[in-house]
Amino acid sequence: MAPPPLPLFSPSLKAPPPPPWLHGSSTQSRDSAPPVPPLPAEATPSKFRIDSPKPAPARKNTKTAAKPLTAGVPGGRTHRAVLGIIRRVRSLELSDAPSPNSVHTSNSGAAAAAFHLTIELSPPREPGQYVVEKEKSRAVPWAAARDEGLKVALRREKKPREPTRAETELETHELRRLRRLARGIGRWARAKKAGVTDEVVKEVRREWASGEELAAVRIVEPLRRSMDRAREILEIKTGGLVVWTKGDMHFVYRGSKYQQNAKHSHTFLTNVHKDDAFQENDQSICGQKDEEPVKGTLYEREVNRLLDTLGPRFVDWWWDTPLPVDADLLPEFVPGSKTPYRLCPPGVRPTLADEELTYLRKLARLLPTHFALGRNTRLQGLAAAILKLWEKSLIAKIAVKIGIQNTNNEQMAWNLKHLTGGTVILRNKDFIILYRGKDFLPGGVAQTVIQREAQVHDEQVKEEEARLKAVDSLQMVGELSEESSLGTFREYQGFHAKFVHENTENSNTMIELEAEKYRLEKELKDHEWKLSVLNKKIERSNQALAKLHSSWSPSEQSADREHLTEEEKIMFRRIGRKMDGLVLLGRRGIFDGVIEEIHQHWKHKEVVKVITKQNQTRQIMYAASLLEVETGGILIAVEKLTTSHAIILYRGKNYRRPAKSSFSNLLTKREALRRSIEVQRRGSMKYFVRERQKSILELKRKLRYVTRQIRYRTP
């Protein structure tokens, strides 16, 4: 249970007396304390000061006003919660009983180091005394400075940047000299979409051979997305050091030990050492590298170890590590390769449902890329690597290389699907994602299942041979009678008369007619069922429209109408045609918002022009008459425009703006939209009902014709 509230202004157990100005003319306060002169209004805290009847206007800039420590935080703790925290902190401070020495020394200056929390408490009030508080007023002039010291700014901790190879290997003055030299370079090699290719490496070395210490390389998409990865690739392939990066430019230093006439080997472009191309994070159990820290998480090390077993890595990968396997370096043909054996578990549907497909696509988004592919055919080596990967992972994620000509992701996906038997769950210009399928069997399990099925087949063959031998060994109990027709010509004649028609052409025609009759009957039944479904939908739509129409009651036209002369109608018609302001009658039709907008136009103008996109004359005239009745105006004309019609309405000479702004007898905007959707839906369903009825009549006609043909050919 929390301790009772204690004053937080002093570390002593005895509460200090309240300020004398809070007790007014009390005798007890005069006896207990000497008279204190009243404080000026500027020094009196706003919490304790009685404001004048006309308070000063509040400042507009409330950002500089100091808030008390116990004020509620928007979206955080409330005032009561902060008070509870302070009580607990205060109880911890008072839990240790102070010794006499400590109390004595506290008066000499140690009390300044005690833990104090300033909190604004409501002062005690006497009967008849009231305090007028301002909501957004500062407490005292020094409150802002006092609260400023209590604020604690927690900055986001920045991740320390790892130094580059050039920063660790070169001296500081040498690095500065090279960067100053790089600012004057005007030529550069361009690493295109294919990345840092052999041509780029040759151009960099050609620049070094000409006597230059630095060579500039401009990086383009997609390698520009990760300039750190581009720097690593350049340092691996060229053997130099990237001393400076500016925008999309890398400046490569040839090194202090560069030999101009040395022959450089290009074998590392296809077989890069593992320590340079990617970091192998697993440690030796024997203890040779115990002093080196383990880099990367367990998942990253397992992924790297798995990809190492599949093939060489793709060094020009434009994303972060782990580097995918270069599928173009895998063998094109594998001897004895074939589509793997598959077997779906009993009671499991082999196809994927929509929810499963969505889940697999979301799962593939987080997985690293396993392969990078740049050719369309000869993918047997890649298929074998995918089958090996599927033993550890459900999904194989393949990236299509950028910058290689004649790549066709559709052909790649088709070949991989037929070589592996998997399911393509995603295919676009960047990625191909293959799911191993529910019927996938790992290599060892597949061989076991095949062997077991072969054993079962052999046992069945042996059982059949044994059964045939037993049947042959049995002797017939009775001989065939002389009157038997088995195997005789009479048996052949009876079979021919019973089952074979005399006219073969006629029998084939009858079979075709029977098949056509069966097809027509089935199709007619399907059409009738679909027609019944459409009729039920139309009935539900009619019920929804009836419910909407029940909440709408059109107004009655007034009997006392104004009459305009022909000259006035012609004048208002010209004015309406030249007007720029208009009211657009959309798909919702006429609802309360349209009537309100018309009255807003009539507030300043006598004529309003309403534009409607309807095509049928009956609908246009109905809308014009309904607007005339609901607004109380006078219909001047209905004009034909280029792609629409204009309805011109005059407000009348005795026009008065309606008292109420909402029209309860009309539909709201939301109800009008629902009505429009239901009307459009019902119209489309009626169209399909007519088309379905025509199809049913045509099928019945064909069925009658086929039935007559069968009846005519039947003997």
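Keep in mind that glycine also has a Cβ here, set from the backbone N, Cα and C atoms.
A quick note: this is a predicted structure, and the numbers were derived from the prediction, not measured.
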Per Swiss-Prot record, range annotated coiled coil [choices 502-550, 551-599, 649-697]: 502-550
The annotated coiled coil range in Swiss-Prot, which must be one of 188-213, 240-265, 292-317, 448-473: 448-473
Contact set, same chain, for the coiled coil (448-473): CB under 8 Å, 6 or more residues outside the stretch: 341, 343, 441
DSSP helix/strand/coil residue counts for the domain 'CRM 1' (168-265): 40 helix, 20 strand, 38 coil
